[in-house]
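Beneath this line is the structure, given in structure tokens, with notes to follow.
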Amino acid sequence: MSSNNIILGANQYGKAEVRLVKITRDTDRHEIEDLNVTSELRGDFEAAHLEGDNAHVVPTDTQKNTVYAFAREGVGSPEKFLLRLAEHFTSSFDWVDGGRWAAESYNWDRIQADGSEHNHSFVKNGTETRTAVVVKDGDDVQVMGGLKGLTVLKSTQSGFEGYPKDKYTTLAETSDRIMSTDVAARWRYNTTDVDFNNAYDDVKALLLEGFTENYSTALQNTLYGMGKKVLEAHPEIDEIKFSMPNKHHFLVDLAPFGLDNPNEVFFAADRPYGLIEATVLREDASDAGRAWEGIAGFC
Ligand SMILES: O=c1[nH]c(=O)c2[nH]c(=O)[nH]c2[nH]1
């Protein structure tokens, strides 16, 4: 017999996608920080759901305002900004014992004008979006850095051979192909005592270097090499998750036109694409708790 005693399960709520642009204009050379912030609170919100009593419901509108108010003092790094929000909400309201705070941040480059970098005109940088998540559960705080949309391509030093063949296999083995992907990665810090902006820049550089290094036997092999490189250089990171499409480039048959094609002309297919996903971690990684809950698109 199933019970008709109905109870409230896990819940969280807040304001999603608070778009925030912070200009620091202490001097004529302005700085821009551009983020999309989500704040969600966890704690004792049973009365609101069961009884219609909003006494504990810190409005989502207030959460939004807090994001803007905190930005007045600067953002610094998305991770530190989210940690400030987490600390604020859990220390200001007794019944808020945790939550989840997430951000995307977008890069702007200074426009080059008259041979120098402009003071207050920027062009949106077309490369990756930085991501950050903070999850606080009582005293346990988890910080995840990350990026998505880091599009890379190597035009040689990649192949795919030695795979099993059955009656449905048509793919030809190759030792020279294009490899291209949009890197999405999230990494979990084992401490909050980090210069997150420096760490981000270095992890991104290591991911790019890792992509270039070695002959790639498969995107799987390249992914693992990229993750290993990050973990070996960053003791403050315990694990890194990847989701990477294998953006296929098919050699076009130019024979009908009387032309050869020595790996020069490709059809860049947009779909379907291979999808290669994995986590690379320390054998003795710290407990992730609820860190990865709500982070979609990784395994
Ligand atoms: O790097 C690759 N990994 C695969 O798993 C795979 N499968 C496939 O058809 N091509 C490739 N390439």
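Using N, Cα and C of the backbone, Cβ positions are placed for all residues, glycine too.
Unlike curated records, TrEMBL annotations are generated automatically.
As annotated by TrEMBL, active site, charge relay system applies to Lys15, Thr60, His248. Per TrEMBL, O2 binding site is recorded for Thr60, Asn246. Taken from TrEMBL, the feature 5-hydroxyisourate binding site applies to Thr60, Asp61, Gln220, Asn246. Per TrEMBL, urate binding site is recorded for Thr60, Asp61, Phe160, Arg177, Gln220, Asn246.
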- [ ] Could you list, ordered by sequence, which of these recorded positions: Thr60, Asp61, Phe160, Arg177, Asn246, His248, have a Cβ under 6 Å from ligand 1?
- [x] Phe160, Asn246
Task: Integer Cα-Cα distance in angstrom, His248 (active site, charge relay system) to Arg177 (urate binding site) - done: 9
TODO: May I ask which of the binding-site residues Phe160, Gln220, Asn246 is closest to Lys15 (active site, charge relay system) if we compare their C-alpha atoms?
DONE: Asn246
- [ ] Please state how far apart, in Å and to a whole number, the two most distant Cα atoms are among Thr60, Asp61, Gln220, Asn246, the recorded 5-hydroxyisourate-binding residues.
- [x] 44
Open item on the list: Please report the distance from the Cα of Gln220 (5-hydroxyisourate binding site) to the Cα of Asn246 (O2 binding site), rounded to the nearest angstrom.
Closed with: 10
Task: Where Gln220 (5-hydroxyisourate binding site) sits in the secondary structure, as DSSP reduces it to three classes - done: helix
TODO: Take the C-alpha atoms of Thr60 (active site, charge relay system) and Asn246 (O2 binding site) and report the distance between them in angstrom, rounded.
DONE: 39
TODO: With an 8 Å cut-off on Cβ-Cβ distance and a minimum sequence separation of at least 6, pull the same-chain contacts of Asp61 (5-hydroxyisourate binding site), or say none.
DONE: Lys15
Task: Between Phe160 (urate binding site) and Asn246 (O2 binding site): CA-CA distance (Å) - done: 12
Task: Same-chain residues at least 6 apart in sequence whose Cβ lies under 8 Å from Arg177 (urate binding site) - done: Ser158, Gly159, Phe160, His249, Asn263
TODO: Tell me whether Lys15 (active site, charge relay system) sits in a helix, a strand or coil according to DSSP.
DONE: strand
Task: Three-state secondary structure, Phe160 (urate binding site) (per DSSP) - done: strand
